[in-house]
Amino acid sequence: MKKASIITYGCQMNVNESAKIKKIFQNLGYDVTEEIDNADAVFLNTCTVREGAATQIFGKLGELKALKEKRGTIIGVTGCFAQEQGEELVKKFPIIDIVMGNQNIGRIPQAIEKIENNESTHEVYTDNEDELPPRLDAEFGSDQTASISITYGCNNFCTFCIVPYVRGRERSVPLEEIVKDVEQYVKKGAKEIVLLGQNVNSYGKDFKNGDNFAKLLDEICKVEGDYIVRFVSPHPRDFTDDVIEVIAKNKKISKCLHLPLQSGSSQILKKMRRGYTKEKYLALVDKIKSKIPGVALTADIIVGFPGETEEDFLDTIDVVQKVSFDNSYMFMYSIRKGTKAATMDNQIEESVKKERLQRLMEVQNKCSFYESSKYKGRIVKVLVEGPSKKNKEVLSGRTSTNKIVLFRGNLALKGQFINVKINECKTWTLYGEIV
């Protein structure tokens, strides 16, 4: 049997799309393996959001040159970087046989056939079409988590982001199809449903039938079964009252909400084209906390955006302290060619970015520990995920607020919801015992 290997870079949407690529290869009769050295086809599913992504991809392509020469392995590149680079990738790396944009993975079978039959030396598909990518049933893994893309593309055009240019305009998947997917996954044993999109809470804006994100969440929660619903990533500007109400009333929906901040400075937020101010963001947080007691909030934050002053940075620190995020994904701004921010004046020196990032991390770590410490003595519902990575004799699970909990128990509990009493709290991990 022929073997294929898929290497994934980037966001959770890429992970989900890699699962679909895996399904395509399985339908073609390939055995999908992690052993690259024995693969007849290797596909890199790529990212282009951060500057270091290109370096990683180029490095891996360099490594694959020997495999190509030895086995004649078919080399494919998919994802955002493939969409952005197109033909240029083949020029830089002639070992590449197939380049597939985000919306073109359904064409993999015909591209493979052409390469195998020597009908073509290179196949490049980067059409940024308006229609939805093919709906392929992706098998969910042994972790009981099923991911479902509910939107594709993005209409926001934040000045630092390349995504709208490589993933196209926003398109929503029909509500009935998503609910059907949830029903099928839950029947197969899924305990965690993750809804994916570049901006999930703008779901349905391209519809004329009134379907929106609040209605979608409500309909999903009507599906019978014991499971939890999470979603990434929402946009603060589109976090409407009806969405907050649905989350508050439905126990199946995770009470950990990701609320990308990017900056705490209204001036920088305007330059980023984020559509909200510092004050509006804090007002939204207050509303969420009042409607959803015990909610955990996380964020994305960029430091060193062009023109960011010390005062702007201190505004970010101020928001982090006032909100007290459970966790933040913090990055130094990196130039992405093709975005408006790349040509802005007053680019910040790397040394300043690093220093600000370090200060921000110190503040966030204190907030994370403070939020974790609230759990001591509490009994929480935990979805058991399996053995801990560091200690196989200890089980690991997550709460509705996405806190990692470690405890001793039988491996047979994997995939079940259990109650755990928290005895010890550290910054990123809670420790407890089954009750």
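Yeah, the Cβs are placed from backbone N, Cα and C, and that goes for glycine too.
Taken from Swiss-Prot, the feature [4Fe-4S] cluster 1 binding site covers CYS11, CYS47, CYS80. On its own chain, CYS80 ([4Fe-4S] cluster 1 binding site) has GLY10, ASN14, THR46, CYS47, THR48, VAL49, ASN102, ILE162, VAL163, VAL166, ARG167 as residues at least 6 apart in sequence with a Cβ closer than 8 Å to its own Cβ.
For the recorded site, CYS158 ([4Fe-4S] cluster 2 binding site), the DSSP three-state label reads coil. The [4Fe-4S] cluster 2 binding site annotation in Swiss-Prot covers CYS154, CYS158, CYS161 and rests on sequence analysis.
Residues or ranges marked as domain 'MTTase N-terminal' by Swiss-Prot on the basis of sequence analysis: 2-117. Across the domain 'MTTase N-terminal' (2-117), the prediction's mean pLDDT works out to 89.
The annotation domain 'Radical SAM core' is assigned in Swiss-Prot to 140-370.
Residues or ranges marked as domain 'TRAM' by Swiss-Prot: 373-435. The helix, strand and coil residue counts that DSSP assigns across the domain 'TRAM' (373-435) are 4 helix, 33 strand, 26 coil.
The DSSP secondary structure for CYS11 ([4Fe-4S] cluster 1 binding site) is coil.
Take the CB of CYS154 ([4Fe-4S] cluster 2 binding site) and look out to 10 A: across all protein chains shown you find 21 other CB atoms.
A Cα-Cα distance of 17 Å separates CYS158 ([4Fe-4S] cluster 2 binding site) from CYS11 ([4Fe-4S] cluster 1 binding site). Long-range C-beta contacts of CYS11 ([4Fe-4S] cluster 1 binding site), restricted to its own chain and to partners at least six residues apart, with a cutoff below 8 Å, comprise CYS47, VAL49.
The DSSP secondary structure for CYS47 ([4Fe-4S] cluster 1 binding site) is coil.
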